[in-house]
Amino acid sequence: QASVSIDAKFKAHGKKYLGTIGDQYTLTKNTKNPAIIKADFGQLTPENSMKWDATEPNRGQFTFSGSDYLVNFAQSNGKLIRGHTLVWHSQLPGWVSSITDKNTLISVLKNHITTVMTRYKGKIYAWDVLNEIFNEDGSLRNSVFYNVIGEDYVRIAFETARSVDPNAKLYINDYNLDSAGYSKVNGMVSHVKKWLAAGIPIDGIGSQTHLGAGAGSAVAGALNALASAGTKEIAITELDIAGASSTDYVNVVNACLNQAKCVGITVWGVADPDSWRSSSSPLLFDGNYNPKAAYNAIANAL
């Protein structure tokens with residue numbers, strides 16, 4: 001692991017966590033990955049084990065072995081957990097996406113949220129209740145949930161989640177929320193303002209922050225725009241940056257540091273070989289699980 005924990009240094013500035021992702025495969029494939037997580041990160045998001053295809057592959061038949069492993073590892077090592085994700089159009093079993101009856105889909109939606117959240121009630125800091133529900137132009141994506149239920153699925157999902165675990169922070173999460181003035185950012189802000197005014201219990205906006213090289217400089221403005229929607233908090237939820245330049249990473253960390261509502265940052269992976277975009281070397285540890293220049297730059301900046 002690194003000589004200094006960026007999580008500890010980030011928390012010293014009043015933030016809640018600087019975390020990463022994990023699941024049984026990456027936590028057991030070698031000893032270096034879990035050692036780095038224990039030493040240098042303060043929060044874990046399950047990479048895949050809490051997605052719908054993993055937790056309810058068949059209607060009413062829930063499988064929690066993968067998510068249990070992640071939650072148990074996180075709890076036994078004192079890490080906060082972000083639950084990810086309850087409702088998403090992707091990694092969605094065919095039995096869900098083929099539902100055409102509104103009342104059936106509402107029932108399925110409520111049951112899925114209730115069952116998954118109940119299992120981990122009191123153990124999860126925040127849930128990504130809805131993931132990637134916007135188009136790039138800021139309109140709502142034509143998912144099965146939107147097409148069959150209508151926009152009201154947003155209210156149903158958040159109200160169900162709130163009733164199950166009142167202490168968990170409830171988030172709406174999306175990507176390409178990385179530049180102020182971009183249509184998707186504007187759409188997120190205007191919709192969340194409207195939903196909050198209608199009493200829908202949204203606590204936070206999650207910005208995935210999957211960036212190209214050089215894009216770190218725009219994140220501060222983007223976070224300020226997202227904060228204007230009126231949620232209690234915001235977070236950077238899936239950070240990785242092509243090329244992993246120190247400048248980009250420090251810009252992103254400072255953006256969260258300087259936005260009072262930004263509670264934490266989750267980096268989407270520990271070391272480059274395990275990244276979903278490994279060819280662009282976007283993470284803070286290299287193929288030998290050694291900290292890269294960007295890691296040390298963050299530590300120095302903090």
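Along the chain as shown, residues are numbered 1 onward.
Glycine too: its Cβ is placed from the backbone N, Cα and C atoms.
What Swiss-Prot annotates here:
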- Q1: pyrrolidone carboxylic acid (MOD_RES)
- 21-301: domain 'GH10' (DOMAIN)
- E132: active site, proton donor (ACT_SITE)
- E238: active site, nucleophile (ACT_SITE)
- C256-C262: disulfide bond (DISULFID)
C256 (disulfide bond), Cβ-centred 10 Å count of other Cβ atoms over all protein chains shown, is 25
Using the alpha carbons only, what distance in Å do you get between C256 (disulfide bond) and E238 (active site, nucleophile) once rounded? 13
Please name the residue among the active-site residues E132, E238 whose C-beta has the most neighbouring C-beta atoms within 10 angstroms. E238
Please report the distance from the Cα of E238 (active site, nucleophile) to the Cα of the residue listed as 'active site, proton donor', rounded to the nearest angstrom. 12
Using Cβ-Cβ distances, find the residues under 8 Å from C262 (disulfide bond) that belong to the same chain and are at least 6 apart in sequence, listing them in sequence order. K15, L223, A227, E233, I234, A235, I236, A255, C256
For the domain 'GH10' (21-301), would you mind checking the mean pLDDT of the predicted model? 98
Tell me, by DSSP, whether the residue listed as 'active site, proton donor' is helix, strand or coil? coil
